[in-house]
Amino acid sequence: MLDKQLKWDQFSQEAASNATGYDTSVMSEADKRQFQIIKDIGISAQTNETKLKRLNKILSDMESIYSTAKVCLNSTNCVPLDPDLTKIMAESRDYQLLLDVWKGWSDASGRKMKDLYPEYVELSNEAVQLLGYADTGSYWRSKYETPTFEEDVLGLYNQLRPLYEQLHAYVRRKLKAIYGSDNFPASGHIPAHILGNMWAQEWDNLIKELSPYPKKPTFDVTDEMIRQNYTALKIFQTADSFFQSLGLIPMPPEFWNKSVFERPADGREIVCHASAWDFNNGKDFRIKQCTVVNSKDFNTAHHEMGHIEYFLQYANQPIAFRDGANPGFHEAVGDTISLSVNTPEHMFAIGLLKESIEDKKSDINYLMSMALEKIAFLPFGYLIDQWRWKVFRGDITPDKYNEEWWNLRCQYQGIFPPIARSSDDFDPGAKYHIPANYPYISYFVSFVIQFQFHKALCDEAGYKGPLHRCDIYNNTKAGKKLSDMLQLGRSQPWPVAMKILTGQTKMDAQPLMDYFKPLINFLKKENGEDIGWQPKCPSY
């Protein structure tokens, strides 16, 4: 694998070198753009083969540590993250068991790559500096082609923070009733391990405990999927049928023949983190996902298929333009579809709900289930690359990696580590995207713009009701509007693509706020003045 990566790096270097020899001043704007992209090769720019090999080896080692990490629940039962540990974090309400699993995962993954990460940072920075970038963070942000990008995402976060504060206060109060006030510090923070997710990034696994009206439906269709004998394959077939109902491109034969929809039964160790792959031959597109039959993986399948649909739509573009308009666009496509798929109307239409519920209490339950996924994620999506950008700049030194990681999580998420952490720990590495070298701010961007996309598609479909109940299923007019944007790939700056779909040229948080307005009004009444937390982590 390392040999193949080196060959790719060498090919990229050769292509960039060849492109440098052309006079772009006489080219069309489209050709200039292609040549600029061809020359912008990231860490492949490292011409010192020894350093390049070392950088690739570090990245391979970190990803291997993550993919093979296991936690021993007892002396004979050591289990991986997916599906075992993920299931425990989602379903258990045993405070100590959750703590043991949480600590065990960090010890087995992040802690073991702690000494590799500083060298990765040094070598990665050195590579992109050969392209004229100040550091790796600067290179990553350049993909957005917006000089004010950092300020723009900060503005979006500040606009959305009040929504998160209301949700946080409600969840904190409910969890205190379950786990006891003694486990919650006076600072207002929530223990990081009791939110139904290893990283406390999404809280929707707690919907049964957090539902505002427990006697009303929660809209989690897991039990019904199991009752109807859904399989991993059927989940993806159902997702494909939605895309096709919009008049979009169906998944090709290679997708069905070569994708990995479940953890291999032969014992092979694979990275189970769901991902989509474009093999750049115009026909081979695959998903790798260790699917479990539940509502969450039903959504994940639509998210990953959104990537594949984007690949298919821009497959006829020149190779340099076969990418999303910006990284957030690629993440947003499938989630935009999921905003329709998740509606009670759609679940009723495909037989996973017995009836489409219209009363206000059920509506609040539905919005709560969505908020526990969408709003709960916002500070996490924002802070990961805040940490990495500071690391790449040298503002956070290796001895402060873990301390500053938790400072950001305490400040933005209002959570805290349930046990004392030290510089020997490397909790960032317990999250896949850190060892995988995958930028994360794209997810924050996608969680904002997917609501812009959703509103635009609902408007195109002629929908007139509340945004959170809009389902564009079977509407080819909306599908055509989406396709027109997707086909551009990266051939134009992203504001051009955004305008085709939404009529706007900037990211806008208002559609997200409009979507959740009934829930926010409910939470304000429920919470009163008891919201917020101290910016600093509580002491032990």
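Here the Cβ of each residue, glycine as well, is placed from N, Cα and C on the backbone.
Per TrEMBL, the cysteine from CYS78, CYS272 that shares a disulfide bond with CYS72 is CYS78. For the pair formed by GLU331 (Zn(2+) 1 binding site) and CYS458 (disulfide bond), distance between Cα atoms is given as 19 Å, rounded to the nearest Å. Each of the recorded positions HIS303, HIS307, HIS433 was scored by the number of other CB atoms within 10 A of its CB, and the lowest score belongs to HIS433. In the three-state DSSP scheme, TYR144 (chloride binding site) is classed as coil. The closest partner of CYS72 (disulfide bond) among the recorded positions, by CA position, is HIS433; the full candidate set was TYR144, HIS303, GLU304, HIS307, HIS433. When the recorded positions TYR144, CYS272, CYS290, HIS303, HIS307 are ranked by how far their Cα is from the Cα of CYS458 (disulfide bond), HIS303 comes first. Per Cα geometry, HIS433 is the residue among the recorded positions HIS307, HIS433, CYS470 nearest to CYS78 (disulfide bond).
Among the recorded positions CYS272, CYS290, GLU304, HIS433, CYS470, the residue whose Cα lies closest in space to that of TYR144 (chloride binding site) is HIS433. Applying an 8 A CB threshold to same-chain residues 6+ apart, the list for CYS470 (disulfide bond) reads LEU339, SER340, THR343, HIS454, CYS458, ALA461, TYR463.
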